[in-house]
Amino acid sequence: MLEHELIVTNKLGLHARATAKLVQTMSKFQSNTTLSTKGREVNAKSIMGVMLLAASQGTVIRVRIDGEDEHTAMQALSELFENRFNEDT
């Protein structure tokens, strides 16, 4: 199991489009992935769950990934956050 903290750095936070990219990315992996912040923990493969986090810019998200492809999944998720969901120029 891997755990890591990621910071939402894109201007609009985890809005619908960013959430869809996150869920689509994590759905490619077999590992179970949870995201937590502000006392809420959700399945990263659930668009409604991720939207419920209401994560704005600057929010720290704790990521927990468990499964055979956890390292690859964590790298993909980290890159998505680092690239600001390919939204900010």
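Just so you know, glycine gets a Cβ as well, placed from its N, Cα and C.
Note that this is a predicted model, so its numbers are computed, not measured.
Database features, via Swiss-Prot:
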DOMAIN    1-88  domain 'HPr'
ACT_SITE  HIS15  active site, pros-phosphohistidine intermediate
MOD_RES   SER46  phosphoserine
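For the residue listed as 'active site, pros-phosphohistidine intermediate' paired with SER46 (phosphoserine), the C-alpha to C-alpha distance reads 14 Å. Cβ neighbour count for the residue listed as 'phosphoserine' (all protein chains, 10 Å cutoff from its Cβ): 15. Secondary structure of the domain 'HPr' (1-88) per DSSP (helix as H, G, I; strand as E, B; remaining residues coil): 33 helix, 23 strand, 32 coil. Over the domain 'HPr' (1-88) the predicted model carries a mean pLDDT of 97.
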